[in-house]
Amino acid sequence: MNTPNPTSSSAAAQPLPRIAVLATGGTIAGAAPDVANTAGYQAGVIGVAQLLAAVPGLDAIARIQAEQVASIDSKDMALALWTTLAQRINTLLAGDDIDGVVITHGTDTLEETAWLLHLAVKSSKPVVMTAAMRPASALSADGPLNLLNAVTLAASGAAAGQGVLVAFNNRIHCARDVIKISTYAVDAFQSPEIGALGWVQDGRVEFQRRALRAHTVDSPFTANGPWPHVEIVTSYAGVSRIAVDALVAAGALGIVVAGTGNGSIHSTLQQALVEAAAKGVAVVRASRVGSGHVMHNGAAKDDALGFISAGTLNPYKARVLLALALARGITDRIELQRVFDTY
Ligand code: SIN
């Protein structure tokens, strides 16, 4: 699906869309002591007005309403801030005076926030997240072009009804599929199993496909809290059961295991998880591999052991979905498996 260049003369006759830009911090708002420094910077120190001022031509694409929701390094993302962000987006999009939302965010937990919002935003209006790998102070900072592309995408009719999208390095990703795949490269995001949905470049938005799973208005989940205690453990050579036993003792309601390969689990860890599941803890098998899916093993394994399989969700995204489902009161294992098979 192609959309006309929003700066073309035919589009210019229409009033420009009103886009709320919600800033939360991150490297896109980071500053370093000198322009060649792309690692020793402080994230989240530049305000949203300055971010927008660095993007010439934005006012020809949209009427911008800017808000500073937070100023954090996204490694410190908190569940309470997820609630604040989701509620603010829902409030803005429920009104008639905002046509779409752009969120600037750190890259480190962007994939988690994007997936959370994909399920918890209750609007079909465009919601686009973006970020940067280089601080705003750097030579060749990538933030301004990413922000321009994010606003271009949010202002285009093509983004409506597609859930939360991530505009990064000219690509458009679905929030469900996108993950960070590099610690330093400017092309740091991919949707490894499924691929990107399309591109945004030079004012042009092009989708090649749509995500099919239910989201936003077709999802029953909210981010209103309270958030159930759900944690992640990893399977690896020589792993002990200490972490699982401690989580159960601490009252965790859910545990996602980042298994090896197709979600396989070291026998020591598996025994601890079987015992946890028998006590009513929801145990989800995901994979630490980074792409592919974790297949439901059926009667012989998952059903007998009391586990749920995460499909193509990585452990961090599986944790988000498990927390949302538990918060909604879904605790039955078969029902939880249906949730993972649906969203
Ligand atoms: C962060 O996630 O806030 C810092 C790292 C980044 O944005 O690239």
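Cβ from N, Cα, C; glycine included.
What you are looking at is a predicted structure, and each value in this text was computed from that prediction instead of being measured.
Here is what TrEMBL says about this protein:
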- 18-211: domain 'L-asparaginase N-terminal' (DOMAIN)
- THR27: active site (ACT_SITE)
- THR107: active site (ACT_SITE)
- 229-340: domain 'Asparaginase/glutaminase C-terminal' (DOMAIN)
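Counting in whole angstrom, THR107 (active site) lies 7 from THR27 (active site) by their C-alpha atoms.
Residue with the densest Cβ environment among the active-site residues THR27, THR107: THR27, by other Cβ atoms within 10 Å. Break the domain 'Asparaginase/glutaminase C-terminal' (229-340) down by DSSP state and the numbers are 48 helix, 24 strand, 40 coil.
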